[in-house]
Amino acid sequence: MGGALGPALLLTSLFGAWAGLGPGQGEQGMTVAVVFSSSGPPQAQFRARLTPQSFLDLPLEIQPLTVGVNTTNPSSLLTQICGLLGAAHVHGIVFEDNVDTEAVAQILDFISSQTHVPILSISGGSAVVLTPKEPGSAFLQLGVSLEQQLQVLFKVLEEYDWSAFAVITSLHPGHALFLEGVRAVADASHVSWRLLDVVTLELGPGGPRARTQRLLRQLDAPVFVAYCSREEAEVLFAEAAQAGLVGPGHVWLVPNLALGSTDAPPATFPVGLISVVTESWRLSLRQKVRDGVAILALGAHSYWRQHGTLPAPAGDCRVHPGPVSPAREAFYRHLLNVTWEGRDFSFSPGGYLVQPTMVVIALNRHRLWEMVGRWEHGVLYMKYPVWPRYSASLQPVVDSRHLTVATLEERPFVIVESPDPGTGGCVPNTVPCRRQSNHTFSSGDVAPYTKLCCKGFCIDILKKLARVVKFSYDLYLVTNGKHGKRVRGVWNGMIGEVYYKRADMAIGSLTINEERSEIVDFSVPFVETGISVMVARSNGTVSPSAFLEPYSPAVWVMMFVMCLTVVAITVFMFEYFSPVSYNQNLTRGKKSGGPAFTIGKSVWLLWALVFNNSVPIENPRGTTSKIMVLVWAFFAVIFLASYTANLAAFMIQEQYIDTVSGLSDKKFQRPQDQYPPFRFGTVPNGSTERNIRSNYRDMHTHMVKFNQRSVEDALTSLKMGKLDAFIYDAAVLNYMAGKDEGCKLVTIGSGKVFATTGYGIAMQKDSHWKRAIDLALLQFLGDGETQKLETVWLSGICQNEKNEVMSSKLDIDNMAGVFYMLLVAMGLALLVFAWEHLVYWKLRHSVPNSSQLDFLLAFSRGIYSCFSGVQSLASPPRQASPDLTASSAQASVLKMLQAARDMVTTAGVSSSLDRATRTIENWGGGRRAPPPSPCPTPRSGPSPCLPTPDPPPEPSPTGWGPPDGGRAALVRRAPQPPGRPPTPGPPLSDVSRVSRRPAWEARWPVRTGHCGRHLSASERPLSPARCHYSSFPRADRSGRPFLPLFPELEDLPLLGPEQLARREALLHAAWARGSRPRHASLPSSVAEAFARPSSLPAGCTGPACARPDGHSACRRLAQAQSMCLPIYREACQEGEQAGAPAWQHRQHVCLHAHAHLPFCWGAVCPHLPPCASHGSWLSGAWGPLGHRGRTLGLGTGYRDSGGLDEISRVARGTQGFPGPCTWRRISSLESEV
């Protein structure tokens, strides 16, 4: 009875105080009741200081009411709250709920649903048990729900890759919801969670301890997630310690329910226990109450600004509850969106904060709760690893199941990425890893590490090892170096972390070598690697001088400055001193354009041969010069072939890849010998640099200035052309080549490896983990797991085997250099052109005519003669190419003989036809000169051939005559009959008149008659003064006559179709005219022809050649009548009868013009034909008496050439013979022609 009067008197006094405030003031104020769930000293002190002056900074006037409730009796609690609501006009209630006041929270939720009064829980103790709340309840909580706590706990598990765990619960209310939430979060996550076991224990007073021990000993998991109250948690951890589940090798995580108050944790709580609490876990009671009152005041003020009045106070509990009024619903909606002091206090429809800020706390070795992480805006930030070994001092603690692993970022073995910005977690197939940094939380705490996500080949190996060997780990990235190098006696990198026992294990692209093996233990290699070289394909952009790059500048200079000049001078010198070619009389030349082979023509010839240029050139005539030109032509072929073969590699750069045979290749050992110098490097402080420094010191000295900071920098330098080759681990380079965008990077030799080694896991010396890890790695190799991982991580779409040449079009960038050269040449040509005109029109007229400047004229003439050449008067004019189609008779006979040769099958006749064909071709090979005038017989007086004065009398030669002492005259073939009427020609002067006596007259005197009388100069029948175009047959030094050269095919005129069609008609006409003598009527030899009187010419007037029939014409040799070759006398007689002028033009020439068919006036002829005097060659037909027996007439043998050479030289010097003629024996078929 007395117990019930105390609260009643208290409420009565409160209501009296409230009524004394006056109505005027109450209308503008807001009444808030603050209910404390306990009567401890802190609550008593705060209740004494809680006054309206504590809330002056709020927009409304607050009238606080403090109430203390008895939590042991729910009925008394209900009576007190309902009496308060009925006596005072309360707008809202702020309730301090501890974790042990779940019954109070349920009663408050029921009262709110009945009276619609807003109730705000500020400590979060009721958040675990109030799921869901009553319908129509306005109960709001600043704590977090069980689902939100589970979400943070799973993020912690994911942070350290604790994917395997077991769940332990008690029979505390809500344990079924907890298990359901665990399964829901695990199923919704992308992480492959493994729920090893679920155990529900009776942890209350008097529970079966033996059963609890047995169930706990059956658990085999590194991580445990427990759900129970604080009292039950003390019992659970005591039993777990006895079962061996508490210690550094096990991790325990509990929700906020198991912690209770964070002021003094129980002694049974293990070190390293992890839990999740709200950010207000360190706030005082005054700050919590102030936040709750501020939320109610700000919501009411928002309602007042919109509606102009405050909401009505709450109703009485004893009144039957009706529907919620619109004003109450509006006021509740304003409470759901409140911001206070920069914090968002937005509530969900379930009454929980939408974006709560939570912290992860852990019990450190000093048995104090320490914040190790923060959950903010859906992202978890870990301050540093939660394991107690990683306290602020980072002092390591011995642990048999948890390892610290150091690694280093290097693709594809370890790839580091940033967490997902939306969730703050790592994406699938990645592992959280940390790196030292200076990150600062919003609360002002400094995080010494930054959370990152690691993946790659080595990370997958580590995850498999942790699953098989059964250990937990946390991963961090080294920042004090690379793989590991000893610098000034101190090891850095991953090796240094293991050596100085800051890490239990190091995994990554860590090469096994002897120096490292002395201080740490390595596992068996899990990847085979070595040293390889990477180069870049060309991107197709070439320099303007790419067309010059197939040869070095030294080769170009040697080619065009040295070789071309030296060979040109050599060819010129050989030609200069050749006895048959060069005109050495340059200085006396009077006219340019002669056939002289100059130094300029030599350079032009060699230049044309180099570039296969079809330009008009003049070839040398000397044998030695020709050999030199042929050797130069062969050299030019090799030069052009080598240039063309290498040009494509420089014009199409994407097809070019540098190749090296190994580290001992000359490109690495002698890089300065290359053009340009070969540039290569590596990443320092690694095994690759150590290997090169130890074995190739000169190579290492050169590559130091090209070393790169990282692999990514090296790849960029290769693509930009700053580096020619990059030397590094083969496994890394193969991955980079396979994943390169555009496949621009390749490793030489399809991934050829030098200094083969492997990657291993580094552990501390004599580590007990070595054997287990070696067995696991060998198992992975045997099961094919390693090969699968290599396929995933170490292969790419770009393969080194795809090095076939890809054809592509050349664009303007490839050919820019050639166009630039052409433009420069055009510019230089314009400058030379302008200078030429300036000199010709201006400068040369300004130079005064002075004898002092004659040296300039001589110098200019010398340069011009050197490059153009001159022709002296002694040089014979160049002969024109013969025209075989000028005489239709010759063409007809030539075609006839060719057709006859095709029809003849016998070898002898065919050979005769060949010789006859050459004979006909030789007829047209002589120079066509104007014919001599027909001359009368000797009895008719002076010769009317040329109207020139008689030469002065000269002494008669001493002796001259035919070889046998008679009057036989050897003449050449008779001229052809004219094809058209002769045309008069211009008169010519007597060019045969010389002031000195010819040498041949003094050596061989001419005599005639039977008495041996010497003929005077005017009586000589063969005077050289009557024939202006003569020829003399000459022989070589062996006695064989020179054969005339046949015209080249390009000199022959082309026959049209109408001329070719006449072939058959010409053949018929050639053999059908007149009677053809049979072969039996022809003489078998020349001697037989002279033995027959009828074969002698009729021109002889002596008695021995008279005929009974008085026939005046000599009998012609048997030939085709289509030729109709008359003897010279007939031609002369026909010319006189026709009244032709003295000059017969174009058809009848001197006897030497057709000098291939010999005729002879033998010894029986007393007189020679008068016109034979025009053939000056007759003077040399007979030599001295000592040579007469060997002179070739129509007799037996060949003429000795002993005196013919000199006769030929004299004749050329006086008459200017146009060319040599040939004397040879003729066959019967040729004589027939």
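Glycine is treated like the rest: Cβ placed from N, Cα and C.
Lifted from Swiss-Prot, the feature list:
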- 1-19: signal peptide (SIGNAL)
- 20-554: topological domain 'Extracellular' (TOPO_DOM)
- Cys82-Cys317: disulfide bond (DISULFID)
- Cys426-Cys453: disulfide bond (DISULFID)
- Cys433-Cys454: disulfide bond (DISULFID)
- 555-575: transmembrane segment (TRANSMEM)
- 576-598: topological domain 'Cytoplasmic' (TOPO_DOM)
- 599-611: intramembrane segment (INTRAMEM)
- 612-626: topological domain 'Cytoplasmic' (TOPO_DOM)
- 627-644: transmembrane segment (TRANSMEM)
- 645-813: topological domain 'Extracellular' (TOPO_DOM)
- Cys743-Cys798: disulfide bond (DISULFID)
- 814-836: transmembrane segment (TRANSMEM)
- 837-1233: topological domain 'Cytoplasmic' (TOPO_DOM)
- Ser875: phosphoserine (MOD_RES)
- Ser881: phosphoserine (MOD_RES)
- Ser912: phosphoserine (MOD_RES)
- 920-994: region 'Disordered' (REGION)
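This view paints the features noted in Swiss-Prot onto the structure.
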{"residue": "Cys82", "record": "disulfide bond", "DSSP class": "helix"}
{"residue": "Cys317", "record": "disulfide bond", "DSSP class": "coil"}
{"residue": "Cys426", "record": "disulfide bond", "DSSP class": "coil"}
{"residue": "Cys433", "record": "disulfide bond", "DSSP class": "strand"}
{"residue": "Cys453", "record": "disulfide bond", "DSSP class": "strand"}
{"residue": "Cys743", "record": "disulfide bond", "DSSP class": "coil"}
{"residue": "Cys798", "record": "disulfide bond", "DSSP class": "coil"}
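Looking at Cys453 (disulfide bond) and Cys433 (disulfide bond), their Cα atoms lie 6 Å from each other. With respect to their backbone Cα atoms, Cys454 (disulfide bond) and Cys798 (disulfide bond) stand 25 Å from each other. Counting only the Cα atoms, the space from Cys317 (disulfide bond) to Cys798 (disulfide bond) is about 79 angstrom.
Within the same chain, residues at least six positions away from Cys82 (disulfide bond) with a Cβ under 8 Å of its Cβ are Ile111, Asp316, Cys317, Arg318. Averaged across the topological domain 'Cytoplasmic' (837-1233), the predicted model reaches a pLDDT of 48. The local packing around Cys743 (disulfide bond), expressed as other Cβ atoms within 10 Å of its Cβ over all shown chains, amounts to 16. Under a cutoff of 8 A between CB atoms, and with a sequence separation of 6+ in the same chain, the neighbours of Cys798 (disulfide bond) are Ala737, Gly738, Lys739, Asp740, Cys743, Leu745, Val746. Between the disulfide-bonded residues Cys426, Cys433, Cys453, the minimum number of other C-beta atoms within 10 Å of a residue's C-beta occurs at Cys453.
Taking the Cα atom of each, Cys426 (disulfide bond) and Cys433 (disulfide bond) are about 10 angstrom apart. Other Cβ atoms within 10 Å of the Cβ of Cys454 (disulfide bond), summed over all protein chains shown, number 25.
Packing around Cys317 (disulfide bond) is summarised by its Cβ count: 19 other Cβ atoms lie within 10 angstroms of its Cβ, all protein chains included.
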